[in-house]
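What TrEMBL records for A:Asn194, A:Met223, A:Tyr252, A:His288, A:Ser308, A:Arg309, A:Gly310, A:Asp349, A:Gly350, A:Leu351, A:Arg352, A:Glu388, A:Tyr415 is substrate binding site. Residues annotated as Zn(2+) binding site in TrEMBL: A:His392, A:His456. If you look up TrEMBL, you'll see A:Cys536, A:Cys539, A:Cys544 marked as [4Fe-4S] cluster binding site. Positions annotated as domain 'ThiC-associated' by TrEMBL: A:20-82. What TrEMBL records for A:1-22, A:77-106 is region 'Disordered'.
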2 protein chains.
Amino acid sequence: MTMQDARMPEMPENTQVGWHKGYITGSRPDISVPVRRVHLTNGRDVTLYDTSGPYTDPNITTDVRRGLLPLRQNWITGRGDTGEYPGRPVRPEDDGLKHTAPRGGLRNLDAVFPGRPRLPRRSRDGQPVTQLGYARRGEITPEMEYVAIRENVSPETVREEIAAGRAVLPANVNHPESEPMIIGKRFLVKVNANIGNSAVTSSIEEEVDKMTWATRWGADTVMDLSTGRNIHTTREWVVRNSPVPIGTVPLYQALEKVDGRAEELTWEVYKDTVIEQAEQGVDYMTVHAGVLLRYVPLTARRKTGIVSRGGSIMAAWCLAHHKESFLYENFEELCEIFAAYDVTYSLGDGLRPGSIADANDEAQFAELRTLGELNTVAKRHNVQTMIEGPGHVPMHKIKENIDLQQEICEEAPFYTLGPLTTDIAPAYDHITSGIGAAMIAWWGTAMLCYVTPKEHLGLPDRDDVKTGVITYKIAAHAADLAKGHPGAQEWDDALSDARFEFRWEDQFNLALDPDSARAFHDETLPAEPAKTAHFCSMCGPKFCSMKISHSIREQHGGTMDEIEAGMREKSEEFAAAGNRVYLPIAE
Amino acid sequence: MTMQDARMPEMPENTQVGWHKGYITGSRPDISVPVRRVHLTNGRDVTLYDTSGPYTDPNITTDVRRGLLPLRQNWITGRGDTGEYPGRPVRPEDDGLKHTAPRGGLRNLDAVFPGRPRLPRRSRDGQPVTQLGYARRGEITPEMEYVAIRENVSPETVREEIAAGRAVLPANVNHPESEPMIIGKRFLVKVNANIGNSAVTSSIEEEVDKMTWATRWGADTVMDLSTGRNIHTTREWVVRNSPVPIGTVPLYQALEKVDGRAEELTWEVYKDTVIEQAEQGVDYMTVHAGVLLRYVPLTARRKTGIVSRGGSIMAAWCLAHHKESFLYENFEELCEIFAAYDVTYSLGDGLRPGSIADANDEAQFAELRTLGELNTVAKRHNVQTMIEGPGHVPMHKIKENIDLQQEICEEAPFYTLGPLTTDIAPAYDHITSGIGAAMIAWWGTAMLCYVTPKEHLGLPDRDDVKTGVITYKIAAHAADLAKGHPGAQEWDDALSDARFEFRWEDQFNLALDPDSARAFHDETLPAEPAKTAHFCSMCGPKFCSMKISHSIREQHGGTMDEIEAGMREKSEEFAAAGNRVYLPIAE
């Protein structure tokens, strides 16, 4: 397959209806933070967090074959602690092609992504170049100021949270295209969308398109979980075009390099893969270093065994060699690599439960304790770290997960997959898990990994990605509200005001998904006058409770005393006027 | 419109694939409780609760124009405390037709539902004929035994919970077609689906079809909230064909009878409407008797005022007359009517919050305290009673709702609408509310009123009804799990076992929605062999963690000691065998 004909990602038609992309400038002109400004018909604006990148700015021309502009490049070079170097050569097997493939089967891989603009970059002297390191030294980086503006908090708050290890700002020095964002319980709850082709289906174009599509609807980070062919090339296209941090599971690619034989995995192959991906600009990597040999038998009598791909691969490796994994044994060296590029750890929960029956069991919590130890090691190397969490957990067992993780991992950000609160609804696991996600985020999870309707059944398509992202934005925002995040309720209030005042267009434009809200309304009341009608098709014009409330409000404004005093008088007027609080239905 | 051509409700094609309708017989042959028996490919059966009525029994011929068989008729007549009587005459205005309509515009209403089989029935001597009354006298009715079988508890438990007012068994003596079910926190969490035409859209056929469709997917009760024309006739068709209890809000029809003028509502019109509906067989009625005059000003400075239709109508009435409502003033007489037919109260929360901003405010909780007083009055009359709850509530304010309701209303069943946990997602309010519904049900809500994707935007169509019901079955079941309801987890375990053992057909057939689960799987792996494949399209054959787990399990069965002892030996065997824990991908 050639990528010369890769499509421009399609933007939804209504992108620019009712809102525009705005920017807030920081202390220097190149700190320019994008926001979504929704224009209300009453003349006001509502400013919302925006993850959609330059694609929604009509003043910026994007070209998927050249990639996005490197907005962080000057900040990175300006720090003077990193330098370019030739980088490792890209090899056919990086793309899952056989060493033994016929020569005609290999293409010039440099040509595959035409726009690759820079040599890779890493720490100049082996010292950490991480946001954690800077924060601990008391430095407020442009990245920190950027997220402070996004989150509407002080830059010092951002620096403190990162320095304490309670938040991460994933920002590989080789992904200067990304717009800084922060993951931590003091900030807005974030949502990750997984994309990735597999051996069975999907293509590079589709994955790039899914990435821009996911961020269009609010994904804060994207994980590329590709496992099949073209794995290196797909990643290059995704990273170069991504305005959000990109995460991966390097183990998947490493396994491809040893032809799928888990026992042939070595530290050398894995390390080479990590460097390959770090040079491309991957911002955070899932590492299943907590799967210890002695934990594997704890899973033997589980209902669903090990359901994490990475976890099962590492378990198989440990069994084959009867020793602790190369990830665990070489964790300190891995930290040094991560520190040299500012790759953030996402310490994987390889033994997470895959069913209600297996939730909160010994295997799961044993691994969590090991992740706590690894978190301490990573922090010693100034590597930013978050901890992954389940999975499948019934509601009454959810809180124990976040409480234990926060205690064991010194409040490092928790990054959970759902959890799914029941197993009985395949095709609706965005909902079974959205319930658990909202609850665990309220209680402290910093980032939620989305689940789509295809979970357990197949790979998500474009519609599934959108449904998954929207569902998880709901869970995240419900949690922001419950946590009392400053400013979170303003959005709800703006929408409810619009609803009460029958400003239909404002309701649509303020909705998480304006297109669907508008379409659903128009199914029964499509005519343009219905957009200003003081009723909807749910009750029809005769029974509109909102309208009756307006009548009550008109009669009972003012202070409580005035209301009490005025009640009888108003009541008499009301009766005299015929008490028509709603329009008669047209006969 | 004529109903002569009303369609038979369509059943989904896959109704009888992988499961069949079974019955469990009680202490007498006419106590025959329907269940759904799912046949697994491993030879086992899983028995699930079934709400779909005779429509899914291929041995029963149903005719929507004749109605269902009156399975409770002999139980009702056998008690000897009720008798038939002529009933009130059905009048044109019962169907929302004008008194002044031209004579040619009136049809013979008796002909509209051809199958009406019986005269109405009521208490013979004015004494209560309610399940609460029987329970308090120590009687275990056939209805109680029926639900005991359905819930897998003892009949005495059912009687006790009803007698204590902690559960209701809605069973109007004029709805003998309904299959008894129970609503109470000690039992499975129930789901109600709203249907109903409005002045703007929908027809009788559609509403009957939506009722059978909703129960097909698991709705435990259905509320007919029709507000437009043919309101009496629609209800007759719905009740005669419904295997589940039917609820209504009589106020909507009463308002039609006074041409939409709230102030012209009188106790006489309302009472006439309640009797009309009680004679038809409505099992529970929402009554907004808790809206007191002094509470109305409390809503004046709310963000979204009064959002309950019934609440706003009663508020307008109270203002117009400057006195307490005819519902509140005549509540004792209303109790006597309810007791004579065994209509169950659903005491409406007319002042429920319609936005996050208004949750848990003074107006809402003031009304709740009044509902507590009315609950006490109703119980004195032996009338079964449940209490309606919100609405829009952020997660951190949900628990206060159920705790306060249980305290104030002496543990009467709580029946909540969601609650929605954020306002920002019109078109996804099944999800914003599914989150709140699962949580409040875990904490004690007995029945959840569903919300569909069309909430706030329009009337639900067939697909919306299904999505709403499935979403709420998820919430209800997640709550059953979290409450530790006996047997709830068996369903999850059966599905997870099927998943782990790659029994795809069993996964589909055990799913809440087998059709969608199968369709999603088949999108990427449609071929029949994929149904027995030991992988899916999510990871492809190379990375299947489940398969790796099987390998681990095979090596590490037995006790923990045996596992420990066997680990080194097995490890060596594993290595010698090539460590191939998954199939190589086909090249």
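The backbone N, Cα and C atoms fix where each Cβ goes, and this holds for glycine too.
Location within the structure of each feature annotated in TrEMBL.
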residue  : record                 : Cβ within 10 Å
A:Asn194 : substrate binding site : 24
A:Tyr252 : substrate binding site : 24
A:Ser308 : substrate binding site : 28
A:Gly310 : substrate binding site : 25
A:Gly350 : substrate binding site : 34
A:Arg352 : substrate binding site : 27
A:His392 : Zn(2+) binding site    : 29
A:Tyr415 : substrate binding site : 27
A:His456 : Zn(2+) binding site    : 23
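Under the DSSP three-state reduction, A:His456 (Zn(2+) binding site) is assigned to coil, being neither helix nor strand. Proximity to chain B, taken as a Cβ less than 8 Å from one of its Cβ atoms, holds for A:Tyr252, A:His456 among the binding-site residues A:Tyr252, A:Gly350, A:Arg352, A:His456. Here the CA atom of A:His392 (Zn(2+) binding site) lies 8 Å from the CA atom of A:Arg352 (substrate binding site). It is 12 Å from the Cα atom of A:Ser308 (substrate binding site) to that of A:His392 (Zn(2+) binding site). Looking only at the binding-site residues A:Asn194, A:Tyr252, A:Gly310, A:Gly350, A:Tyr415, the one with its C-alpha closest to A:His456 (Zn(2+) binding site) is A:Asn194.
When averaged over the domain 'ThiC-associated' (A:20-82), pLDDT in the model lands at 95.
Broken down with DSSP, the domain 'ThiC-associated' (A:20-82) shows 10 helix, 20 strand, 33 coil. Here the binding residues for substrate are A:Asn194, A:Met223, A:Tyr252, A:His288, A:Ser308, A:Arg309, A:Gly310, A:Asp349, A:Gly350, A:Leu351, A:Arg352, A:Glu388, A:Tyr415. Their largest Cα to Cα distance works out to 20 Å. Annotated pair A:Gly350 (substrate binding site) and A:His392 (Zn(2+) binding site), C-alpha to C-alpha distance, rounded: 13 Å. Looking at A:Gly310 (substrate binding site) and A:His392 (Zn(2+) binding site), their Cα atoms lie 17 Å from each other. Here the CA atom of A:Tyr415 (substrate binding site) lies 14 Å from the CA atom of A:His392 (Zn(2+) binding site).
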